[in-house]
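What follows is a short report on a single structure.
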Amino acid sequence: RQRVLLRGVLMAAWEAAWGQLRYSVPGEMPKGSFVGDVAKDLGLQLPSLSDGGVHILDKGRTQYFALHGKTGHLVTAERIDREQLCRLVEKCVLRCELIVEGKMEVYGIEVEITDINDNSPSFREAETELRLTETTAPGWRISLSEAHDPDVGRNSLQSYDLSGDEHFSLTVQMGPDGDQRPELVLAKGLDREEEAFHELVLKASDGGDPARTGTARIRVTVLDVNDNAPVFSQAEYAVRVPEDVPVGSTLVTVTATDMDVGLNGHVKYSFHKISDRESELFHLDSETGEITIKDHLDFEEISSHKLEVQARDGGELSDKAKVTISLTDVNDNAPELTVSSTLTAISEDAPSGTVVALLHVQDRDSMANGEVRCTLADGVPFLLEKSFENFYRVVTARELDREQVFEYNLTVRAADGGSPPLQSSAVLALRVLDVNDNAPVFSQERYSARVRENNAAGALVLTVRATDADWGQNARVRYRLGEGRVRGAPLSSYVSVQAETGALGMIVLQQPLDFEDMRVLSLPVEARDGGGLLAHSKVEVEVLDVNDNAPEI
């Protein structure tokens, strides 16, 4: 077995085409076994792996694989039982998705679980009792219970062998699906008085190396004549039902008749060929032939069930018929919308097409019931784009303006094509970060004030006001007196602007003014925000005369 596991690991191959990786690994490998070198195959850097920027997408189901953060290797997250996962399919493939958050990329990974010979053929019944009349002619044959081997390929069931008595031989018929159907053949006439019982052993072998075998004992009791076998009214029964048919409902009734009377004409029904899962779903009434539902059916799990029923009379003569139960899909699964990666904040000057979220959608239903359409609420500057298979991206449709809308709650809706459709939604909360794209604005382009001459230094002339539509430091306004001179002296020697006064700028005197020297004082004032954007205004100060000069003779 170790050689098989090693060969399976060495044969693991990858293919990176259109974002798809493929590997193969034998079943029953222990937890932590190497599957593939994802980092090498995708050209990823190990630092990004250890930082958690690359991870396997969690869909809320059993995770069979994990990504090793230090090596970038894809490893098994638990022991994988191929027969348990893929008992109904020839090729067992598990799928997962790898998210590279830094690049906003997603890669699909397919891992084929190859079979190992870890199961022996087994019979549903370890012992079978047959009853034959002593007048049964040589050449008579009866189908025997078939052995079951969950393995596939050469490791599955390959041959049957019979031992124990010269009166019987074994032939194997090939079914329409290529399955082997053992038949017990009477090779020599029976004589109950000479020998009343015949003990036989039926052995089933698979093709493994070494081969595994399973046996069933057959006890043949020789009876008197029962010359009519039951006959089904149909060789094959077919029925189609919706997957939500209630538990306990009768799906179909099989009927067989026997021309004999008494015990030899009493027919009992049983399943001749049925899987373990189907034996949990269906019940066959041995007396009436009614097939009823024992458990809920699921179209997404198995869409069609093929059974084989047997009618056996009291003399152990039998007939067989096939029963096919086909399910129609019901829209019983809402779309599953998962936010794989998202931003919580974005700058208002982010370029058009910036990706803000990556979403995955799936619907387990089929046909129109499983076709999902995703939409984004109208009236928002964002678009929803198809990314990879069932992945969508939410991108900006244009540059944003924080001064108009500072926060978005984006609702993405997924609806399937059922009637009525089932829906699901996800809400993305996104804050818009400020950029210094607005200069301060004065409340007036020009201010005017009147001041009496000889006012003391520190007297308030007037206040100016400028506002900025930006946020935080970008909206913080500081005031400053512009350059200029009056009568050879700088303006700052006459007045000053108080800069640290919040939203207002206070212009105060630095010295008393003299009407006889200066009638009007023109002041340029500027406002600067935290990002360095400027606004300018003019202040005209008229100096009023007071009677401070006596007449001169």
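Note: Cβ is positioned from N, Cα and C throughout, glycine not excepted.
The signal peptide annotation in TrEMBL covers 1-19.
As annotated by TrEMBL, domain 'Cadherin' applies to 19-123 (among others).
Among the features that TrEMBL reports, domain 'Cadherin' is placed at 124-232 (among others). Across the domain 'Cadherin' (124-232), DSSP helix (H, G, I), strand (E, B) and coil residues number 3 helix, 56 strand, 50 coil.
What TrEMBL lists as domain 'Cadherin' is 233-337 (among others). Within the model, the domain 'Cadherin' (233-337) carries an average pLDDT of 91.
Positions annotated as domain 'Cadherin' by TrEMBL: 338-442 (among others).
Summarising the annotation, TrEMBL assigns domain 'Cadherin' to 443-553 (among others). DSSP labels the residues of the domain 'Cadherin' (443-553) in these numbers: 7 helix, 53 strand, 51 coil.
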Please list the DSSP helix, strand and coil residue counts for the domain 'Cadherin' (233-337).
10 helix, 48 strand, 47 coil
Counting by DSSP secondary structure, give me helix, strand and coil numbers for the domain 'Cadherin' (19-123).
17 helix, 41 strand, 47 coil
